[in-house]
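Residues or ranges marked as region 'CPSase' by TrEMBL: 1-197. The domain 'Carbamoyl-phosphate synthase small subunit N-terminal' feature in TrEMBL is assigned to 8-139. Sequence annotations record features per position, and here TrEMBL assigns L-glutamine binding site to Ser52, Gly246, Gly248, Leu276, Gln279, Asn317, Gly319, Phe320. Among the features that TrEMBL reports, active site, nucleophile is placed at Cys275. Residues or ranges marked as active site in TrEMBL: His359, Glu361.
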Amino acid sequence: MPNAAPRPTACLALADGTLFYGQGFGAVGDTVAELVFNTSMTGYQEILTDPSYAGQVVTFTFPHIGNTGATPEDDESVETPAAAGLVVKWDPTEPSNWRATDDLVTWLKKHNRIAIGGIDTRRLTRAIRQQGAPHVALAHDPEGNFDIEALVAKARAWKGLVGLDLAKDVTCAQSYRWNEKTWAWPEGYTQREGEGLRVVAIDYGAKRNILRCLASAGCDVTVLPATATAEDVLALNPEGVFLSNGPGDPAATGVYAVPMIQDVLKKDIPVFGICLGHQMLALALGAKTVKMNHGHHGANHPVKDVETGKVEITSMNHGFTVDSQTLPEGVIESHVSLFDGSNCGIRMTDRPVFSVQHHPEASPGPQDSFYLFERFADAIRARRA
Ligand SMILES: NC(=O)CC[C@H](N)C(=O)O
């Protein structure tokens, strides 16, 4: 007689009542969030610790998650992983990676994050594509006792990301300096030395590798909390201002960020934004943002530089997008997604103020777009000259 299927110890309940049962690992308990799928084949730790995933459970389309374990070196945020939980096809195996200091299961437990394995992630991904990123409740109970009605009700009652400012929850409490450069073999992370380009970076939930890319491009970075005013920014006499990625709805975050950006723009300083920073720069310039059906989350997204015709393969993580039809005069669409034609970049035509929707810092993902950090640094150098 075949072995009986193990009793499910985790349950994923979608707001429409669809249920997925599997084996729980990581923390015990339940959580409610928006569910998105990520198509990256590597870099699950960087994804789970990317602060932009606050309020979201991530399902990975790649089936083997956990193979490389976890190491603090790969954390993209200082605090605990931002993602509320994860959904995978196979249960994680022992990691095989000389850099690993933990296995994924232990790491998730330490960081109080819930995971469910043994899920038909293809079926789930198709559901997300068809109906849009659903609201879900994810529960892990080693005894396998679930109050299904209560879980579905929780998922239904959750209000979702529209109108939600999460940047204030994940931003730094205090300003700090950053000079660590990107990882390189064999020395790992090293510090930038000497006089740098004075850059103020606003932390809406900044990924560390963005700050490293800025340092590697020659920037001496001072990071300020999300609610910094234009006065706080300009008091540091910056030669460039950077607007970071971050979670939640740009329109809600923009309530305090947009006036600051508009005041900084009056000063004719080079400005560079990534993802949420891109969306808020667009809002500050007078454009609009909208929620997407299921967003873009992966490390294989083709983006075209409209002006050169060059295509870059990029890392993506966003659920909102800039409506390119609303761009005002003097602002052009610089990059566009080759998956769905959505906006992936803007720039002011008369000065070095630009931003992209994708993630040039990769981590994880391809490094085709690293040139954007150089472009920002070059714009600052040109001003100096
Ligand atoms: N990675 C980000 O900065 C994401 C921006 C925004 N929260 C979105 O989902 O579109």
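Count begins at 1; order follows the chain as displayed.
Glycine is no exception: its Cβ is also placed from the backbone N, Cα and C atoms.
What you are looking at is a predicted structure, and each value in this text was computed from that prediction instead of being measured.
Mapped onto this structure are the features recorded in TrEMBL.
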residue	record	DSSP (3 states)
Ser52	L-glutamine binding site	helix
Gly246	L-glutamine binding site	coil
Cys275	active site, nucleophile	coil
Asn317	L-glutamine binding site	strand
His359	active site	strand
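Counting only same-chain residues six or more apart in sequence, the Cβ atoms lying under 8 angstroms from the Cβ of Leu276 (L-glutamine binding site) belong to Ser52, Ala167, Tyr204, Gly205, Leu243, Ser244, Asn245, Gly246, Pro247, Gly248, Pro250, Thr253, His318. Within 10 Å of its Cβ, the residue among the binding-site residues Ser52, Gln279, Asn317 with the fewest other Cβ atoms is Asn317. Checking the recorded positions Ser52, Gly246, Gly248, Cys275, Glu361 against ligand 1 with a 6 Å cutoff on the Cβ atom leaves Ser52, Gly246, Gly248, Cys275, in sequence order. If you measure from the Cα atom of Asn317 (L-glutamine binding site) to that of His359 (active site), you get 8 Å. Within 10 Å of the Cα of the residue listed as 'active site, nucleophile', the following recorded positions from the list Phe320, His359, Glu361 place their own Cα: Phe320, His359.
Most buried of the recorded positions Gly246, Gly319, Phe320, His359, Glu361, judged by other Cβ atoms within 10 Å, is Gly246. Distance between Cα atoms for His359 (active site) and Gly319 (L-glutamine binding site): 14 Å, as a whole number. Of all residue pairs in Ser52, Gly246, Gly248, Leu276, Gln279, Asn317, Gly319, Phe320, the annotated binders of L-glutamine, the farthest apart have Cα atoms separated by 13 Å.
Other residues of the same chain near the L-glutamine site, with their Cβ within 8 Å of the Cβ centroid of Ser52, Gly246, Gly248, Leu276, Gln279, Asn317, Gly319, Phe320, are Asn245, Pro247, Asp249, Pro250, Cys275, His318.
Looking just at the region 'CPSase' (1-197), the mean pLDDT is 95. On the backbone, the CA of Glu361 (active site) and the CA of Phe320 (L-glutamine binding site) stand 19 Å apart. Neighbour density at the Cβ, taken as the number of other Cβ atoms within 10 Å, is lowest among the recorded positions Gly248, Cys275 for Gly248.
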